[in-house]
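Feature annotations, courtesy of Swiss-Prot:
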type	residues	note
COMPBIAS	1-10	compositional bias 'Basic residues'
REGION	1-64	region 'Disordered'
COMPBIAS	14-27	compositional bias 'Pro residues'
COMPBIAS	38-48	compositional bias 'Low complexity'
BINDING	D125, G126	Mn(2+) 1 binding site
BINDING	D125	Mn(2+) 2 binding site
DOMAIN	162-459	domain 'PPM-type phosphatase'
Amino acid sequence: MSAGWFRRRFLPGEPLPAPRPPGPHASPVPYRRPRFLRGSSSSPGAADASRRPDSRPVRSPARGRTLPWNAGYAEIINAEKSEFNEDQAACGKLCIRRCEFGAEEEWLTLCPEEFLTGHYWALFDGHGGPAAAILAANTLHSCLRRQLEAVVEGLVATQPPMHLNGRCICPSDPQFVEEKGIRAEDLVIGALESAFQECDEVIGRELEASGQMGGCTALVAVSLQGKLYMANAGDSRAILVRRDEIRPLSFEFTPETERQRIQQLAFVYPELLAGEFTRLEFPRRLKGDDLGQKVLFRDHHMSGWSYKRVEKSDLKYPLIHGQGRQARLLGTLAVSRGLGDHQLRVLDTNIQLKPFLLSVPQVTVLDVDQLELQEDDVVVMATDGLWDVLSNEQVAWLVRSFLPGNQEDPHRFSKLAQMLIHSTQGKEDSLTEEGQVSYDDVSVFVIPLHSQGQESSDH
């Protein structure tokens, strides 16, 4: 992203367009639940008839509808936080064409197998309405397939070539690639990053055309060539649970965890704050009585703290306010990465949030082929509604308590996903602290690793 593009796109040269007046707009996509929930026992309507926290139904795929790797899935709608369940999910088989069709002889010689195959699981946690999450669920896998097909020649090579289509300009090109340490997995990571960016642009166009607003986080797992790639943009989370190990597979991106990046942007482009916010962080919101006093603060270049004398400009609302799950960017948004939010502005202002948001995911690679897998080794992916009330250790305890005693049950991973959600609802046998209930939408995938590569009978 060039500085020139950034200035043209986000900085005042011309006045920002006035906010759209409220009014009815057609959604760019119809509201729906994930395709693999069709035929499930709970009604697929927009909202459940009863939304009391103690009576919200948990939904899972119907018996006989098998997800990739026999993964389990469950979800629950929020407790009257919004009209719709703003979470979305998608999963299926990735079929990546290995080369373009040419003469039959060339095809038979170069491509003994037409497709490189993998699997895909994704969770999208929407905000500001369900539209962005639905668009992401409909779009991201197609973006990823296109990006992977563009680099498939490098994926199937022993070492990614410097040039595609077999060209070699410099005899030492393979050495340069080797010295850079470029591997096939780096091409998959690049494809994921580019797919997120492409999907973000699609969502922006669709929502703008329909006069809609909204965004979503995205947590995506991709299995390809014996490795599991976990791409995260937002505050959903994935962990690997084994008999003697709990391994985080994602990092949560919030205004607090990305404070320095966000402050740095405000330092370079102060116009983005429109004179209404201070980029500096203080332990609390400053008051008039703090003027002239030396107080603790930190800026974009600081991981530690120092003291400064309070000036009038320091009394403005902080760029990042609150801590933990309560931290907000420009008093508005609880995440710093995701898809969408192109039209989002601070209430009653023309101050845009999109310049501070990234659609680029962090990608973690799990080399599944190198693990000595046990039958009960699983990856748990969930939106933040689960992690708001359950820790990694509590989730792992539930996994280890349930799976060993149910190894003959073909639906055990689905039942485990349901049990994890029930544990967020404050039941008497729940692990959560007394009275601790998740009122948010909650969506969970439980992906067993022992059956990796097993074909799904229904995608």
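Even glycines carry a Cβ here, placed using N, Cα and C.
G126 (Mn(2+) 1 binding site) counts 28 other C-beta atoms within 10 Å of its own C-beta, drawing on all protein chains shown. The number of other Cβ atoms within 10 Å of the Cβ belonging to D125 (Mn(2+) 1 binding site), over all protein chains shown, comes to 28. DSSP assigns D125 (Mn(2+) 1 binding site) to a strand segment in the three-state reduction. In the predicted model, residues of the domain 'PPM-type phosphatase' (162-459) average a pLDDT of 92.
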